[in-house]
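**Student:** What follows is a single structure, and I will ask about it in a moment.
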Amino acid sequence: MADTTIEAITAREVLDSRGNPTIEVDVYLESGDMGRAIVPSGASTGAFEALELRDGDKSRYGGKGVLKAVENVNTTIAEALEGEDAADQMRIDRMLIDLDGAENKGRLGANAILGVSLACAKAAAAAHGLPLYRYLGGIHAHVLPVPMMNILNGGKHAQNSTDFQEFMIMPVGAPSFREALRWGSEIYQSLKKVIHDRGGSTNVGDEGGFAPSLPTNEAALQIIVEAVERAGYQLGDQVMLAMDPACTELYKDGKYHLEREGRSLTSAEMVEYWADIAARYPLISLEDGLAEEDWEGWKLLRARLGDRIQLVGDDFLVTNVKRLARAISEQAANSILIKLNQIGTLTETLDAITMANRAGWTAVVSHRSGESEDVTIADLVVATNAGQIKTGAPARTDRVAKYNQLLRIEEELDSAAHYAGMGAFRVAR
């Protein structure tokens, strides 16, 4: 058996897909194996997320440098973990949590901690001669996810676009992941033509989706419907729609302000707004349809639409088991978005997925808007059989890298691979 004892840990400052600094961590084992991880970063971040440590030195990268986090890995964390077993993930992560000591991991930085946590797992997988999905998921890891493709961007991810942040397609009717990716890519190219034909801009946002200026929020749904039909696919059967309006960004003084429509809505009115959209479009998933602290609104939303639509908590739940446990008991939402850097360790991420599954909820593994060539989430979604991945449009290498990794995994699994399709959802359609 290869020796999985940690020999050395080193970190460095690298760039993410937005040109901002982030942290990369290498973990070296006595066996000679190495694991490397790059930590992602979000644009719209939940107030309850683990804290990403930034330098605040305005003379470097506008204050966004991560040299403190790098130093914390190279000194405090390296000194504590060298000599430990990288294959004992729970112990590694518990040590990292204790070493930081803060609830939000703000002392050493959740970015420093996550980089080490993931690099340890990758190093241990390499030492065992296993791909990461197999190392983490064991012999039962075989489900390829339905991609939730963000093909139209608005909100914080684009300027002069819609109030709502993300409009997505989900190719649920495809027979395999490879075909799902093809369908999504063809619809994406079709959307580009639709926007172009209407005289719109085909600039892309952070996650590869187009960001045209549109007169109303519903206009975004209308042009996606046209793009799906032009590409030759059946909406509501082969392809479903999903949205992430990121409603925390719209919530002020107890109301939801839809500037594109000149309206301010109460929580109850916002729930009815979504019910109306769901009645007229084949919407299967709605993420952050209400604000992160609007618990009463979330309960109302679940009661109104929870049997028909996947109601995903992102800013609302921040991959946090405490918030998730409360949401499960209060019947607020029925699905959780899983972002590694919201909680900061692999163990806590896996705990959140397990808790969701036990409650009959779904879990959607997600990227952040600031990404890199790191493909960990592709392996994670297969390892956990989560069945859904959210990693942007089929454009920009930082997004496509994850899709390409899933193609490789599907090929490697061969006849054992199972594409989740509509089985990824626990709602009646």
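Heads up, the Cβ atoms here are built off N, Cα and C, so glycines get one too.
Small disclaimer: the values here were computed from a predicted structure and weren't measured.
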**Student:** GLU287, ASP314 bind Mg(2+) in Swiss-Prot, but which of ASP237, ASP244, ASP374, ASP379 does that record place at the same site?
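**Tutor:** Record check against Swiss-Prot: Mg(2+) site with GLU287, ASP314, extra candidate from ASP237, ASP244, ASP374, ASP379 is ASP244.
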**Student:** Of the candidates LYS105, LYS122, LYS322, LYS339, which one does Swiss-Prot list alongside GLN165, ARG368, SER369, LYS390 as binding (2R)-2-phosphoglycerate?
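**Tutor:** For (2R)-2-phosphoglycerate, Swiss-Prot names GLN165, ARG368, SER369, LYS390; of LYS105, LYS122, LYS322, LYS339, the listed one is LYS339.
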**Student:** CA-CA, which of the binding-site residues GLN165, ASP244, ARG368, SER369, LYS390 lies nearest GLU207 (active site, proton donor)?
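**Tutor:** If we rank GLN165, ASP244, ARG368, SER369, LYS390 by Cα distance to GLU207 (active site, proton donor), first place goes to SER369.
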**Student:** Taking DSSP as the reference, which of helix, strand or coil describes ARG368 ((2R)-2-phosphoglycerate binding site)?
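**Tutor:** In the DSSP reduction, ARG368 ((2R)-2-phosphoglycerate binding site) maps to coil.
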**Student:** Taking the Cβ of ASP314 (Mg(2+) binding site) as the reference point, list residues of the same chain whose Cβ is under 8 angstroms away and which are at least six residues distant in sequence.
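**Tutor:** Counting only residues 6 or more apart in sequence, the Cβ neighbours of ASP314 (Mg(2+) binding site) under 8 Å are GLY46, ASP244, ALA246, GLU287, ASP288, LEU337, LYS339, SER366.
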**Student:** Let me check the 10 A CB neighbour count of LYS390 ((2R)-2-phosphoglycerate binding site). How many other CB atoms are there?
**Tutor:** 30
**Student:** Test of understanding: give the count of other CB atoms lying within 10 angstroms of the CB of GLU287 (Mg(2+) binding site).
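**Tutor:** Counting Cβ neighbours of GLU287 (Mg(2+) binding site) within 10 Å gives 28.
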**Student:** Compile a sequence-ordered list of residues in the same chain as ARG368 ((2R)-2-phosphoglycerate binding site), six or more apart from it, whose Cβ lies below 8 A from its Cβ; state 'none' when nothing qualifies.
**Tutor:** PRO40, SER41, GLY42, ALA43, LYS339, ASN341
**Student:** Pairwise over GLN165, LYS339, ARG368, SER369, LYS390, annotated as binding (2R)-2-phosphoglycerate, what's the top Cα to Cα distance to the nearest Å?
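**Tutor:** Taking every pair among GLN165, LYS339, ARG368, SER369, LYS390, the longest Cα gap is 17 Å.
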